[in-house]
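Everything below concerns the one structure shown next.
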Amino acid sequence: MTKKRHLFTSESVTEGHPDKICDQISDSILDAILSKDANARVACETTVTTGLVLVAGEITTSTYVDIPKIVRETIQGIGYTRAKYGFDAETCAVLTSIDEQSADIAMGVDQALEAREGQMTDAEIEAIGAGDQGLMFGFACNETQELMPLPISLAHKLARRLTEVRKNDTLSYLRPDGKTQVTVEYDENGKPVRVDTIVISTQHHPDVTWEEIDRDLKEHVIKAVVPAELIDGETKFFINPTGRFVIGGPQGDAGLTGRKIIVDTYGGYARHGGGAFSGKDATKVDRSAAYAARYVAKNIVAAGLAEKAEVQLAYAIGVAQPVSISVDTFGTGKVSEDVLVELVRNNFDLRPAGIIKMLDLRRPIYKQTAAYGHFGRTDVDLSWERTDKAVALKEQAGL
């Protein structure tokens, strides 16, 4: 059966989107705790609405952090600094409801040995079980330099640029909330050939005209980000297609941590296990194993063993070894998928404590991942984006 040309779409959102405000608050609290207590257990959820922030969850730590202060600093950094936005850092109410981690969960994860970070023997790593059951996916492909699908890569770059031109006053009438969406056309061989559609919706000052926004975003955002060779006379642009976007942020929509899991990962191009990332420390495999799966997939593609690779990991609560590891190369593999699974087992320690050690995940590195994607980032140094295993994988595969 011959393949046909087809379209694929992914979206991103700016850091001022209500759900992303929540992700950033949750990860800012996580970072503040990890900077003082590397072995803390954190599961921190945030919700925002007009004039209100609620932080809830389970935190077990030997340190203290000023949660309302962190919340206000995060909101201020995003740009909600005026009461007329319907939400601002100084006047919003901040409520907290924090408990300790359940003793039943801790029993499956805790070991006194865990405090000896970096000194754990294999037996000690084996003794630390996963904090929950679940399945996680990681993906990589050779469509972009960062080995990510092109639609989500462009959508993130547009969203980041939208924030840049707001914060550097190139377009001072912009306000923090915004969304981007990119549709890419793929040829018969599954290669991206052109951008078919770009959608940008951005919050703005009430006095600016739609014509001005349309002109400025094409000039200062789209042209600055999307390679000219991907845009042609047939490319469609929808800039603020409703015509007006003044009420936004938490005044326009309530926000919640963990509600942008597709934006956070691969834009729908790969499968997703359902677990969110933000506000969770690295003993939560929802986060750490998804990072490890990306690390594995990226190294497989970087090694030239496949053009595309999707890795699935699965865990049982309290058990260290993954209950399953699978690799799908969508017919692009240079070696069989059975061989790839064996290479993965031999080169990556995918037990929870092994992942933490391998990727050095007990550091306060998470707030920077809470907007514009956790994968394919070229603006920050993330351990799971390294391709340091590629040479060994290629050699062991005999290529």
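Glycine is treated like the rest: Cβ placed from N, Cα and C.
Under a cutoff of 8 A between CB atoms, and with a sequence separation of 6+ in the same chain, the neighbours of Lys280 (ATP binding site) are Leu30, Val42, Ala43, Cys44, Asp286, Arg287. Under the heading ATP binding site, Swiss-Prot lists His17, Asp177, Gly178, Lys179, Arg244, Phe245, Asp253, Arg259, Lys260, Ala276, Lys280, citing sequence analysis as support.
Following the DSSP three-state reduction, the secondary structure of Asp19 (Mg(2+) binding site) is helix. The Cβ neighbour count for Asp19 (Mg(2+) binding site), using a 10 Å radius over every protein chain in view, is 23. According to Swiss-Prot, the Mg(2+) binding site annotation covers Asp19.
Around Glu45 (K(+) binding site), taking its Cβ as the centre, 20 other Cβ atoms fall within 10 Å, counting all chains. Sequence annotations record features per position, and here Swiss-Prot assigns K(+) binding site to Glu45 based on sequence analysis.
Around Lys284 (L-methionine binding site), the C-beta neighbours below 8 angstroms that are at least 6 residues distant in the chain are Ala43, Gly131, Asp132, Gly275. Residues or ranges marked as L-methionine binding site by Swiss-Prot: Glu58, Gln101, Asp253, Lys284.
Among the features that Swiss-Prot reports, region 'Flexible loop' is placed at 101-111, with the record citing sequence analysis.
For Lys260 (ATP binding site), the nearest neighbour among the binding-site residues Asp19, Glu45, Glu58, judged by Cα separation, is Asp19. DSSP assigns Arg244 (ATP binding site) to coil, not to a helix or a strand. In the three-state DSSP reading, Glu58 (L-methionine binding site) counts as strand. Summary for the binding-site residues His17, Arg244, Lys260: the Cβ-based neighbour count within 10 Å is maximal at His17.
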